[in-house]
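Undergrad: This structure is in structure tokens; I'll ask about it shortly.
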Amino acid sequence: MSTRNPQRKRRGGAVNSRQTQKRTRETTSTPEISLEAEPIELVETVGDEIVDLTCESLEPVVVDLTHNDSVVIVEERRRPRRNGRRLRQDHADSCVVSSDDEELSKDKDVYVTTHTPRSTKDEGTTGLRPSGTVSCPICMDGYSEIVQNGRLIVSTECGHVFCSQCLRDSLKNANTCPTCRKKINHKRYHPIYI
């Protein structure tokens, strides 16, 4: 009696075999993606004004952003000379903010300037100190206030200028320059006589 164990063959193969996955991919159809760009038609209305802000033109451009208020540029830039130096202007660059509202009078227009006119610089009516003056960046006193109060103008090794009292008080707390934090001590600064 010989018993044979017949081997069974599986038909169709394994469920997750590579061949099965390949057949599944080949038989399922995927919709093709169109790679062509569709043109978009731009309709330009007659009343709209288009301002190209990316180009550099020689003429100043005025843009009305709110339809009520507009900025008018009086003088935008200085014109260069042949040798490359800029011309000096006696008037300040400025712009005028005006309103279309009839209720507002012309006296209420706002003038915005980026530079101080020479007349106010000469009179000294501005709160800003002209260049060339010495002041302490800690107490904000100018040269005349420092000298009137019996203090000295002192400079550190790193070149920063303070009044003697402020620098002395600062060095009591930290042995560094108050401006650049370079290590200094009470022997590393000296008075300046102007």
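Every residue gets a Cβ built from N, Cα and C, even glycine.
So Swiss-Prot lists these for the protein:
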- 1-36: region 'Disordered' (REGION)
- 1-20: region 'Required for ubiquitination activity' (REGION)
- 1-12: compositional bias 'Basic residues' (COMPBIAS)
- 6-65: region 'Mediates interaction with TRPS1' (REGION)
- 40-43: motif 'SUMO interaction motif 1' (MOTIF)
- 50-53: motif 'SUMO interaction motif 2' (MOTIF)
- 71-74: motif 'SUMO interaction motif 4' (MOTIF)
- Ser98: phosphoserine (MOD_RES)
- Ser99: phosphoserine (MOD_RES)
- Cys136, Cys139, Cys163, Cys166: Zn(2+) 1 binding site (BINDING)
- 136-181: zinc finger (ZN_FING)
- Cys158, His160, Cys177, Cys180: Zn(2+) 2 binding site (BINDING)
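Tell me what's around each of these sites.
TA: Confidence across the region 'Mediates interaction with TRPS1' (6-65), taken as the mean pLDDT and rounded to a whole number, stands at 62.
Residue environment of Cys139 (Zn(2+) 1 binding site) contains 16 other Cβ atoms, counted within 10 Å of its Cβ in all protein chains.
Broken down with DSSP, the zinc finger (136-181) shows 16 helix, 9 strand, 21 coil.
Other C-beta atoms found within 10 angstroms of the C-beta of Cys158 (Zn(2+) 2 binding site) number 15, with every protein chain shown included.
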Undergrad: Around the Zn(2+) 1 site formed by Cys136, Cys139, Cys163, Cys166, list the extra residues of the same chain whose Cβ is within 8 Å of the site's Cβ centroid.
TA: Pro137, Ile138, Met140, Asp141, Ile146, Arg151, Phe162, Ser164, Gln165, Leu167
Undergrad: Give me the non-local Cβ neighbours of His160 (Zn(2+) 2 binding site): same chain, 6+ apart in sequence, Cβ-Cβ under 8 Å, ordered along the sequence.
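TA: The list for His160 (Zn(2+) 2 binding site) reads Pro137, Cys177, Pro178, Thr179, Cys180, given in order along the sequence.
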